[in-house]
Every structure is written in structure tokens, then in C-alpha cells.
Amino acid sequence: MTDLINKKEIDYDYIVGVPYAALPMATLISSNLEAPMLIKRKEAKAYGTKKLIEGSYETGKKCLIIEDVVTSGASILETIEALKLEGLICEDVICALNREQGGVERLEKEGIRLHSLVSMTEILNYLVSSDTISADRRIEIEAMLKNTSLANSPTKANGATKTNGTKSTNDLWNLETRKPLLECNPLNAMVLKYMTLKKTNLCVAVDETNKEKILQTIQSIGGYVCAIKLHADIIDDFDQSFIDELTTLSKHHQFVIFADRKLADTGNTVELQLTHGSLHIADWANVVTVHSVPGPPILQSVLNIIKQNKALKGSLLIASLSSKGALTDAEYSKKSLEMANDAKNVVSGFICQKRPSDNPEFLYWTPGVNELKSTDGLGQQWRSIEDAIKRDGNDIIIVGRAITQSQNPVEVARDYASRAFELWKSR
Ligand code: 5BU
């Protein structure tokens, strides 16, 4: 706190702690800064001087208020009121923790600046990123803080009564609440940045078989996507020059490169599949799909490769498939979710049909989207953008042929992107 006071170059003559918890802190700070301290009594003495403020002071001088935890700011205002009655000036408060429950706003109204060492948001960010508490717990805590905050509590403000809002599912999925949770994961931070910057939650599956055609398609639609999904093993002339051009396009248009490799083997083989062979996926793809069928060890292997600091930053676990008769039933999805919950540093989200979880830390990607057709006759099942996002609760739509085989892929990509993004935002 002493460092913060020096860093902010706060102007003060006296140090004053808010009774009682902050008094030892104020004493140490006053000693460290070699500044005089005043004490505000909670009650005026019934005997002797009957003064509320103890210490030696001159009117017109400045007090720096010290507090441990700021909730509503009420006890700070009480202290300041007593100091002002003595002709002292109070403009700055230093606290250890700002619980973000309306205190800053209340103090600001009185022309008082609050400087805090840490905020509740910073603490919760840290606890979630260090896996000390779950994202669900964080949301519960935030809802509790919000419901008891000064800003939201039923109070007569300007003659109007504000009502106390309760936590709704929408709050959990609100981008403000969700952003810091998603940003704990490097891949999701990247995807979210592109999504919000370009206003798109469209991933296009470019399932062409020659590199020239793929690059041309990406060049034309790159501005409307947050990710480009490829099946590298269907590209006849896949080579390093393709990787180089793809990487250049991804930087230029700002999208994530997604290799839909659907890894499903034992750990050692998976590591080799990611790093060797003609595809050496981890060198150019930012995200790869993984089947949960081999069980948790597959995720450890993917993590081993992610840790090597290649292009690969995360993986998507396949919770359910879009093909007719897929064996990925509710029980399978639930087990995939359990695997992901134990490996959040590897799993950034899911490939799913219906969102398998209400955990907003993950991103939910869904294939099987086509506005014009419901099947391709080969087992694929398509549904509308609205069903994919609103009904099924997904974040990102993966669209292939509806765009790539349309008369005008650029127009269709633009249209899918704007419709999907509007639905996502309004959810
Ligand atoms: P389509 O042309 O929109 O059907 O392309 C969908 C893409 O998503 C295609 O590359 C599939 O391999 C991929 N996909 C899928 O369709 N369904 C799934 O369950 C999974 C991936 Br997992």
C-alpha cells in the first residue's frame, strides 16, 4: 500500500485509518512513510476533550484515508465526515481490496478517489486461472456480490425504486462475465479476440482437395470468419508452401487455423501424429479436434505438444457428432465433459450438437449447419443457424458446403456470419 501511495504521488499531510480494522495498517503506513497519523474515534469520548479526531493537526491540511476492504464505502464516508467537520480535506482513499459493490461509485459522487491494491475481479480471475475455484463458483460469487451491491440493491435513488435483479442464465452468458473466463485459455482468448473484432462466430470448413482452390476460397471469405477448418489429409498437394500461404492469410485476415484431425489413438501415437508425417499438424494448426473415446491419456499427449510452443494452442473435444446414428449419446457427451473439466489447460471447448454443459469457460463449436438443406444423403444432418445457436446453445457455427458450394460464397459467408453473430449476441 505504501508503494501504491508513492507510485500514485498522492498529496497528503496526515494518514487516517478507518476504525477499527484498518488502524494497524494505517499505523504501519504512517511509520513507513514517516508521516503523522490521526485517529478517528468511533464514539466521541464521554470524558476529557470529547474530541472525535485524535492527534495534532491543522485545518486546511489533507488526510489520506486507509481502509482494508471497501464494500459500500459507508464507513469511509462516516470517517471523512468527521474529518471535514474539523476543517480537514479528504480526497483520496487507499484500500487493500475493492469488493466492487458500489463503493467506488458512491465515493466518486462525493469527489473522493479510491485507489485499491486488488479488486474482486482480479482475485476471481486468479482463482479461476489457478484452478482453485471453478468458473461456476466464480459466477455464483459474482451474482452474490451483485445482488448485495449498492448499485443493485433496492434503494430509493432520484425518487425511483430500483429492483434487485436475480441471477439468470443470460447473466452467465453475458460477454462481460464470460470474457475474462474465456481469456484464461490462450486459444479461446485468440478466438474471442477475432470474434469480437470482426463480429463473426463463423468457422468455414474448406473441404477442397487442392491447395490453390483452398487458398482462393480463404482469400475471398477470410474477412468473415473467426476460424478456417481444414481436413489436411484430403489435400492432394499439401506441402510447406501451402502452410506458409495459409499462415500468411491467417495473420492478414485474423482467423484461427483449425485442423479437424479427430485424433483418437494411444498417447504416443497421437504425439507422433501431431508432430510428424507429411502433415505435422502442431506446426501450423492452432487448434485440433480430439475424440474422447481413448480416455484421458489422449489429452495429456496433446498437452505435451501444446507445451512445445508450436502453433498449436488448444484442442476441441468431440462431445457429439452431427452424423445420423452417431454413437455419441448423452452419456458419452457427459463423460467427454468430465474429461474436459479435468483438463482445461488442453481442452478449449467442444464440438457438439447441443451444448453439453453450462460452463461458460468453454467455447462450443457446432457443425451441421445449412439454411437450405437438411441432409446430404451421406449421413450429414444439417439445421438452421438459429437452431444451432439459440435452441442448441452453441457459440460458433462450422459451415462447409452451404458456403463453399454456393453460387456466391462471399455473399453467403457474409450473410451467415452476420446472422449467427446477431443471434449469439442476443442470446
Ligand atoms: P458441411 O459441408 O457443412 O457438412 O461441413 C461440415 C464440416 O464439419 C466437415 O468438414 C465435417 O467433417 C465436419 N464435421 C461434421 O460435419 N460433423 C461432425 O460431427 C464433426 C465434424 Br466432429
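Even glycines carry a Cβ here, placed using N, Cα and C.
The annotation in TrEMBL ties D207, K229, S322, G400, R401 to substrate, and of the candidates under consideration, Q254, Q273, Q300, Q380, the one tied to the same site is Q380. Residues from the recorded positions list (D265, S322, Q380) with a C-beta closer than 6 Å to any atom of ligand 1: S322, Q380. Long-range C-beta contacts of S322 (substrate binding site), restricted to its own chain and to partners at least six residues apart, with a cutoff below 8 Å, comprise Q353, T366, P367, G368, Q380, Q381, W382. For the pair formed by D207 (substrate binding site) and K262 (active site, for OMPdecase activity), distance between Cα atoms is given as 15 Å, rounded to the nearest Å. For the recorded site, R401 (substrate binding site), the DSSP three-state label reads helix. Cα to Cα, K229 (substrate binding site) and K262 (active site, for OMPdecase activity) are separated by 12 Å. Within the set of active-site residues D260, K262, D265, the entry lying nearest in space to R401 (substrate binding site) is D260 (CA atoms).
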